[in-house]
Amino acid sequence: MIIKVPATSANIGPGFDSIGIAVSKYLEVEVLEEATEWFIEHTLDGLPNDDRNLLVQTVLRVAPNVQPRHLIMRSDIPLARGLGSSSAVIIAGIELANQLADLQLSMDRKFELANQFEGHPDNVAPALFGQFVIASQLDNQLDYIQAPFPAVGLVAFIPHYELKTSDSRNVLPNQLSYKQAVSASSVANLAIAALLKGDMVKAGRAIENDHFHEVYRQKLVKEFHSIKARAKAEGAYATYLSGAGPTVMTLCPKEKVGSLLEHLGDLPLNGELVSLEIDKKGLQVFK
């Protein structure tokens with residue numbers, strides 16, 4: 001059995017802690033024979049290969065008495081880069097528990113558990129469902145809308161350096177004024193409506209006018225402004241910080257992906273440029 005979970009790009013500008021997309025980098029967990037202790041084969045630096053691993057910890061939170069297994073974990077989702085690496089592991093852990101203990105969890109229940117464990121729906125929702133997801137907690141109930149994302153190209157700059165979510169959150173203000181909150185909310189409303197309608201020109205303007213978090217976090221990613229300026233000059237719709245950063249994501253017409261990669265490659269960037277696709281399937285299990 002193989003469990004496959006996509007990376008995610010959350011916030012998309014003003015959709016702070018609420019919206020995200022699934023993208024084409026993946027975590028795969030291959031389930032092998034039963035064992036006396038958990039053992040995870042992987043090549044990811046600094047991660048434990050026993051029951052201290054987040055994957056196994058998640059399994060045991062859902063199904064404490066499940067028999068340990070020998071697992072192989074493969075991932076091209078970079079750690080601490082704003083692409084939902086921990087969310088992917090949590091989703092995989094929930095599904096692994098679901099399969100091994102035959103829990104028959106519904107997708108909604110998996111979402112509830114993932115949000116409970118991870119804390120923010122904007123990453124776990126698209127990793128689970130795929131596509132574009134808007135989610136929020138309403139009266140103690142977790143609600144979400146899944147929708148197709150416009151047919152655009154995605155170009156990601158993935159820095160060679162990490163930026164931990166805690167550091168990104170420390171630069172945010174403790175509160176916004178009423179006037180600031182209303183203004184920021186109206187921008188978010190327009191961004192989501194334009195994305196749902198497929199109007200990328202209006203969506204792009206709104207995405208680049210976030211007042212909730214990007215205005216405070218941009219300084220943490222030194223390449224952000226040069227990428228944004230070059231992308232805009234090449235006809236991109238919008239450039240934004242993926243999740244809490246430091247990955248910088250650019251949305252552009254699909255036919256401009258090649259030239260955008262070429263022109264961004266001329267900049268002095270400490271990282272790699274990659275073209276991504278929207279993942280439309282989310283969590284998958286192959287038996």
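The backbone N, Cα and C atoms fix where each Cβ goes, and this holds for glycine too.
No curator has checked TrEMBL annotations; they are predicted automatically.
These features come from TrEMBL:
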DOMAIN    54-131  domain 'GHMP kinase N-terminal'
BINDING   Pro78, Leu79, Ala80, Arg81, Gly82, Leu83, Gly84, Ser85, Ser86, Ser87, Ala88  ATP binding site
DOMAIN    191-262  domain 'GHMP kinase C-terminal'
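Structure with TrEMBL features highlighted.
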| residue | record | contacts (Cβ under 8 Å, 6+ apart) |
| --- | --- | --- |
| Pro78 | ATP binding site | Lys25, Ser85, Ile158, Thr247 |
| Ala80 | ATP binding site | Glu162, Leu163, Lys164, Thr165 |
| Gly82 | ATP binding site | Ser9, Ala10, Leu163, Leu241, Ser242, Gly243, Ala244, Gly245, Pro246, Thr247 |
| Gly84 | ATP binding site | Ala7, Thr8, Ser9, Ala10, Gly20, Ile77, Asn123, Val124, Pro126, Ala127, Gly243 |
| Ser86 | ATP binding site | Leu54, Glu118, Asn123 |
| Ala88 | ATP binding site | Val5, Pro6, Ala7, Thr8, Tyr26, Leu27, Ser75, Ile77, Ala127 |
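Note on the domain 'GHMP kinase N-terminal' (54-131): mean pLDDT across this stretch is 96. Excluding the listed site residues Pro78, Leu79, Ala80, Arg81, Gly82, Leu83, Gly84, Ser85, Ser86, Ser87, Ala88, the same chain places Ala7, Ile77, Gly243 with Cβ atoms within 8 Å of the centre of the ATP site Cβ atoms. Helix, strand and coil counts from DSSP across the domain 'GHMP kinase N-terminal' (54-131) read 46 helix, 7 strand, 25 coil.
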